[in-house]
Protein chains: 4
Amino acid sequence: MSNTYGSIFRITTFGESHGTAVGVIVDGCPAGLPITIEEIQAALDRRRPGQSKITTPRDEKDQVQILSGIFNGQTQGTPIALAVFNKDQASHDYTHIEKAYRPSHADYTYTAKYGSRDHRGGGRSSARETLARVAAGVLAQKFLALQGIQITSYVSQVGSIYAPADYTQLDLSQVDNTIVRCPHPETAQAMIQLIEETRDKLDTVGGVVSCVIKGVPAGLGEPVFDKLHAELGKAMLSINAVKGFEYGSGFEGVSMYGSQHNDVFYTDEDGQVKTRTNHSGGIQGGISNGQDIYFKVAFKPVATILQPQSSIDQSGQEITLQGKGRHDPCVLPRAVPIVDAMAALVLADFVLRQRANKVD
Amino acid sequence: MSNTYGSIFRITTFGESHGTAVGVIVDGCPAGLPITIEEIQAALDRRRPGQSKITTPRDEKDQVQILSGIFNGQTQGTPIALAVFNKDQASHDYTHIEKAYRPSHADYTYTAKYGSRDHRGGGRSSARETLARVAAGVLAQKFLALQGIQITSYVSQVGSIYAPADYTQLDLSQVDNTIVRCPHPETAQAMIQLIEETRDKLDTVGGVVSCVIKGVPAGLGEPVFDKLHAELGKAMLSINAVKGFEYGSGFEGVSMYGSQHNDVFYTDEDGQVKTRTNHSGGIQGGISNGQDIYFKVAFKPVATILQPQSSIDQSGQEITLQGKGRHDPCVLPRAVPIVDAMAALVLADFVLRQRANKVD
Amino acid sequence: MSNTYGSIFRITTFGESHGTAVGVIVDGCPAGLPITIEEIQAALDRRRPGQSKITTPRDEKDQVQILSGIFNGQTQGTPIALAVFNKDQASHDYTHIEKAYRPSHADYTYTAKYGSRDHRGGGRSSARETLARVAAGVLAQKFLALQGIQITSYVSQVGSIYAPADYTQLDLSQVDNTIVRCPHPETAQAMIQLIEETRDKLDTVGGVVSCVIKGVPAGLGEPVFDKLHAELGKAMLSINAVKGFEYGSGFEGVSMYGSQHNDVFYTDEDGQVKTRTNHSGGIQGGISNGQDIYFKVAFKPVATILQPQSSIDQSGQEITLQGKGRHDPCVLPRAVPIVDAMAALVLADFVLRQRANKVD
Amino acid sequence: MSNTYGSIFRITTFGESHGTAVGVIVDGCPAGLPITIEEIQAALDRRRPGQSKITTPRDEKDQVQILSGIFNGQTQGTPIALAVFNKDQASHDYTHIEKAYRPSHADYTYTAKYGSRDHRGGGRSSARETLARVAAGVLAQKFLALQGIQITSYVSQVGSIYAPADYTQLDLSQVDNTIVRCPHPETAQAMIQLIEETRDKLDTVGGVVSCVIKGVPAGLGEPVFDKLHAELGKAMLSINAVKGFEYGSGFEGVSMYGSQHNDVFYTDEDGQVKTRTNHSGGIQGGISNGQDIYFKVAFKPVATILQPQSSIDQSGQEITLQGKGRHDPCVLPRAVPIVDAMAALVLADFVLRQRANKVD
């Protein structure tokens with residue numbers, strides 16, 4: 001198990017889907033950061049089940065508690081423990097999957113790895129763990145705001161429906177204006193319709209979250225291994241259901257020529273170093289160059305579908321599984337705050353690491 | 001700086017493009033692994049400049065030395081230091097880029113980060129650093145071979161020319177049969193032609209390396225943060241010029257429905273758990289499931305082009321840069337052993353970490 | 001802040017003396033370890049205040065809760081979160097020390113470090129944090145017991161009163177037979193008397209905890225930096241009030257000649273490699289040699305005394321502080337389970353690390 | 001194996017006593033630090049064999065090479081590789097100990113751990129590895145000098161001969177005035193005489209190195225686990241032959257009362273916070289308080305003696321070993337620069353870590 005992420009600004013999460021609590025210890029958050037429980041709760045509310053008609057109808061409040069590290073409304077430099085106690089975890093019936101290996105879930109792999117598993121609601125492999133990341137991410141986002149760094153994630157694709165590729169043509173302040181969290185209104189409507197149709201067919205669908213980070217100073221990232229985009233990639237790939245990551249020109253950039261792809265430097269009227277294009281996605285040699293950082297994260301369709309599926313149980317016998325309960329037909333809208341949080345954790349860590357790179 | 005990668009099987013690289021030496025310390029390689037200097041040299045020869053007509057004509061031999069850790073033909077559990085001393089580093093003339101920021105290189109970002117940089121040949125940001133990874137990767141590959149794990153990378157795309165997407169239809173033993181390292185002969189010929197045309201136009205072109213890993217037992221990977229694909233992603237994204245990573249169904253999987261995407265389990269005639277499809281890419285919940293692992297890595301076109309380009313210098317003045325010297329028109333053929341090496345380092349680390357996950 | 005200890009078997013603690021809760025996440029405890037909440041509680045009861053007439057009369061029950069990671073009576077390989085919620089933390093009055101720097105406490109240094117501090121009961125610097133270590137240590141001790149490794153700590157000195165130096169002449173099963181946790185009955189009585197006299201003088205006194213570890217196989221420890229005794233030393237020195245650590249012959253060994261100090265090897269009747277003396281304390285070159293490991297840990301007298309003391313406040317003004325409340329005149333009896341726990345955490349980590357050191 | 005030390009300012013050493021080279025990668029040394037090869041060589045010369053009549057007569061020059069990371073006389077933020085190539089390693093004859101387990105050496109434990117060992121001169125367990133630490137330590141010392149932090153180690157005890165305990169009564173600028181590196185001239189003469197007598201008896205003797213660190217600002221150290229003294233302790237205990245560590249009042253402090261031991265704060269005429277005594281050794285709650293830091297390190301007598309000793313070989317057969325070659329009768333004089341180096345590495349790391357602890 002590796003439940004810790006980050007080098008200086010570091011989180012360690014705990015909790016199973018239907019255990020007593022899910023939570024996080026944030027260690028290394030600088031002292032003196034003002035924070036309220038309401039700010040943390042607001043971020044959790046963006047992630048919580050039951051927030052709209054296109055998410056799972058499970059209406060979980062996910063009330064966060066602060067167990068340590070915050071005193072007089074400020075961080076103290078000491079570890080900050082946050083927890084959400086699960087409600088009614090005993091009331092669910094998961095005996096039907098106790099010995100089953102659900103297709104494209106982690107039932108089989110956890111059992112292979114550990115010899116046993118907590119089968120209730122996916123146990124530790126449940127995306128419920130990500131609420132801990134979202135809670136911790138609020139601290140990182142508040143710290144970054146003090147540095148002038150803003151992170152905006154949004155749903156850019158659901159199934160085959162996608163928003164205009166160029167984020168500079170979108171109004172990123174509008175992300176939360178639609179329940180699908182796509183800032184392009186027409187695309188958002190089509191996405192919502194697709195998700196509803198998919199849900200009505202008892203099926204699920206995937207999509208893409210795009211993220212734009214503005215205000216990053218040149219110099220963040222720690223080559224040769226902890227390149228800025230390499231850590232962003234790892235952080236994103238560690239989110240449940242993620243299958244791919246690309247930044248800047250990404251996979252499309254491979255079919256360009258160098259003469260097209262290179263970003264030409266110039267000095268603007270304020271004496272700032274800029275590039276005329278930004279195929280680099282704001283990162284060169286693994287270090288931010290001061291331009292906008294942007295990247296995409298691919299999410300597969302949710303594995304739990306309400307249709308009968310063939311599978312096997314622990315003894316290897318073939319079985320038929322019938323999904324039941326209330327599940328998301330598409331995780332994308334709820335994934336947006338998770339991408340925000342993980343991006344913030346990565347950036348906050350690099351801001352702090354950069355402080356050690358020069359003699360004074 | 002972060003020049004260390006890995007948790008148990010861990011490498012730390014050093015060296016600038018035109019410094020005294022480039023090398024690596026491998027710490028945590030298990031004792032008792034037979035290894036010869038010839039095996040390490042052979043891997044370096046797959047990466048070295050000047051190996052074919054489509055790579056840079058710089059003919060560097062890159063002779064490796066073993067400085068520690070290997071005794072009587074075996075690893076001892078002690079740190080293994082490997083180094084390649086640079087030849088003729090003084091003879092190059094890099095004064096023309098001493099104060100210039102080359103487009104889409106790391107000149108500007110390193111200077112922003114550290115206040116100065118070794119400008120000779122890109123200094124630490126040069127891909128020459130990857131020879132250290134390739135050397136270390138040989139140890140990981142030898143260790144994995146003992147576990148029955150084989151890694152095969154190949155060039156699947158150059159510019160807009162790509163090999164058949166389904167790797168099971170390729171003969172992976174043929175990778176080194178063409179100088180472009182694409183195991184599909186017709187595609188390989190087209191790729192070579194494209195690279196030669198690109199070079200003749202004084203330009204460069206990108207591409208994709210695909211990787212297939214066979215023989216991985218179920219159970220490798222350390223959720224929730226060090227998921228197998230998250231570490232593979234980070235390792236690949238840490239390679240120079242990489243812009244994207246996807247595994248299994250990847251970005252294409254987002255437009256599938258759950259009912260299509262789910263991989264149905266079955267038990268084969270030998271009692272082995274298998275899946276009928278493999279959109280999961282051999283990884284579920286961040287843990288290997290025993291099926292083939294496969295992923296793709298996107299490389300941008302090389303930034304150094306032999307055409308004049310506009311840029312700025314350290315004082316912010318606009319300049320015109322004229323690339324010179326001998327450079328790769330396409331890094332893909334030489335990237336194959338680097339992807340092999342990084343994949344091996346990731347897998348070797350997870351094999352060792354898995355030993356600690358059960359009571360006995 | 002660094003609130004994480006361990007490499008594979010790793011704990012992260014949180015909580016202030018008078019915050020909401022104190023607790024720990026144990027990450028990397030192997031799956032399949034049977035554990036009950038009663039076992040964890042029993043260890044906490046050995047550490048808790050109010051357990052005897054020579055500890056603080058504060059009668060805190062310190063009831064532990066399991067928040068995650070244990071299912072069906074066994075560890076699951078997932079992170080184990082344990083917490084003790086503080087009772088009545090609001091009822092204490094600490095305004096008299098809000099701006100004061102108590103002598104030989106961490107009030108001044110925490111303020112210098114972080115710019116502010118939670119002054120209530122010492123905040124994060126309180127030894128109350130060690131209950132998290134004790135809780136986590138139970139898991140390590142249970143794991144070690146499966147390997148045949150037993151750890152026994154005891155009070156060997158209080159003030160100037162000490163037990164016979166040679167632990168082989170003590171009955172280590174008798175540690176908990178006296179409230180001072182010294183297995184030598186006559187010495188124990190003298191220690192208790194000294195502690196009571198010291199308390200009556202409104203003063204405090206220091207002492208030494210000795211620790212003996214039996215059943216350690218040869219081969220544990222990770223040179224050159226994570227030598228077995230170096231990690232034991234760090235772990236012990238990280239406990240509140242510890243001022244020194246020595247193992248084997250320790251400081252006395254410096255005045256010996258090599259010809260006296262060397263431990264001669266022999267093979268016993270069972271073919272086991274043994275040494276005729278054990279000045280090495282069971283560790284050679286930082287690796288266990290199969291003989292008993294033993295070491296000593298020096299604890300200074302508790303800084304909180306119920307006498308008036310001169311000091312300064314945050315503005316630098318001289319003040320007189322009058323200690324109040326209920327405090328330990330001597331921490332030694334309660335330190336024993338903490339030393340046990342930290343020793344167990346170190347050993348468990350090395351047992352797991354050793355699994356990765358050979359090819360098979 | 002764990003051959004890396006440090007969190008931000010981090011070293012990784014390599015090399016066996018009689019392998020090709022011994023060296024180190026320093027990663028995380030801030031950019032912009034001026035450094036010359038002569039400064040590194042000077043530190044190595046303080047550690048080298050053959051430097052005086054009371055060290056081993058082996059006259060090894062230990063010429064250091066810089067392989068990377070230093071350009072134009074300054075660190076670049078990139079990894080700094082330093083190496084000393086061994087001379088004449090083939091010429092020694094170690095066949096007599098190839099299968100023997102020398103008493104109180106690491107021959108047996110390395111074999112138990114790894115299944116084999118490089119027996120030549122102790123292989124990796126040789127104190128020759130510490131030259132890599134000394135070389136790296138120069139960078140840390142130069143960085144600390146910029147912060148106004150000075151480290152002075154000296155020999156305070158050899159066998160039963162010791163210098164006055166109170167370091168404030170010694171002239172610490174006189175350490176290198178005697179070959180034994182004790183700044184108290186009369187004691188130094190007695191120590192030298194004892195070492196010579198011991199050598200003539202074909203024996204060895206231990207001792208104590210004391211270390212004083214001045215100019216440390218309040219605020220360094222990272223509780224609760226990486227307390228300043230805990231890291232100092234680990235660093236010192238990781239040096240070959242070290243058996244104990246104590247700081248401030250140390251083991252003697254245990255027999256003091258709290259009312260004696262507490263260090264009373266006051267504000268001096270310059271408005272500086274000070275303490276009237278310094279039993280705390282400059283560290284409270286694991287964090288520096290601005291007073292002098294001081295600690296002691298116990299070294300056992302060298303295990304290699306030139307007398308016949310009984311032992312066993314790998315097959316368990318009893319043998320008689322006759323030490324031969326040229327060895328140190330007492331390591332203390334040569335241990336001084338090693339203690340300096342490790343202390344510097346610890347402090348430099350904490351200076352850099354402290355930069356991340358506050359919001360701005």
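The first residue you see is number 1, and the count goes up from there.
In case you wondered, yes, glycine gets a Cβ from its N, Cα and C as well.
According to TrEMBL, the features are:
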type	residues	note
BINDING	B:ARG47, B:LYS53	NADP(+) binding site
BINDING	B:ARG124, B:SER125, B:SER126, B:ASN240, B:ALA241, B:GLY285, B:LYS300, B:PRO301, B:VAL302, B:ALA303, B:THR304, B:ARG326	FMN binding site
Subset of B:ARG124, B:SER126, B:VAL302 (binding-site residues) with C-beta under 8 Å from chain D: B:ARG124
Cβ neighbours of B:SER126 (FMN binding site) where a neighbour is any other Cβ within 10 Å: 21
Count of other CB atoms lying within 10 Å of the CB belonging to B:ALA241 (FMN binding site): 22
Packing count at B:ARG47 (NADP(+) binding site) (other Cβ atoms within 10 Å of its Cβ): 25
Where the record names B:ARG124, B:SER125, B:SER126, B:ASN240, B:ALA241, B:GLY285, B:LYS300, B:PRO301, B:VAL302, B:ALA303, B:THR304, B:ARG326 as binding FMN, the maximum Cα to Cα distance in Å: 45
Distance, B:ARG47 (NADP(+) binding site) to B:LYS300 (FMN binding site) (CA atoms, angstrom): 18
Of all listed binding-site residues, namely B:ARG47, B:LYS53, B:SER126, B:ALA241, those lying near chain A with CB under 8 A: none
Among B:LYS53, B:ARG124, B:LYS300, the most crowded of the binding-site residues [Cβ within 10 Å]: B:ARG124
Spatial separation of B:ARG47 (NADP(+) binding site) from B:ALA241 (FMN binding site) - C-alpha basis, Å: 15
Those binding-site residues listed as B:VAL302, B:THR304, and which of them has the most Cβ atoms within 10 Å of its own Cβ: B:VAL302
Pairwise Cα distance for B:SER126 (FMN binding site)/B:ARG47 (NADP(+) binding site) [Å, integer]: 14
Separation of alpha carbons, B:ARG47 (NADP(+) binding site) and B:VAL302 (FMN binding site) (Å): 16
Separation of alpha carbons, B:ARG47 (NADP(+) binding site) and B:ARG124 (FMN binding site) (Å): 18
Rounded inter-Cα distance in Å - B:THR304 (FMN binding site), B:ARG47 (NADP(+) binding site): 18
Coarse DSSP state, helix versus strand versus coil, of B:ARG124 (FMN binding site): helix
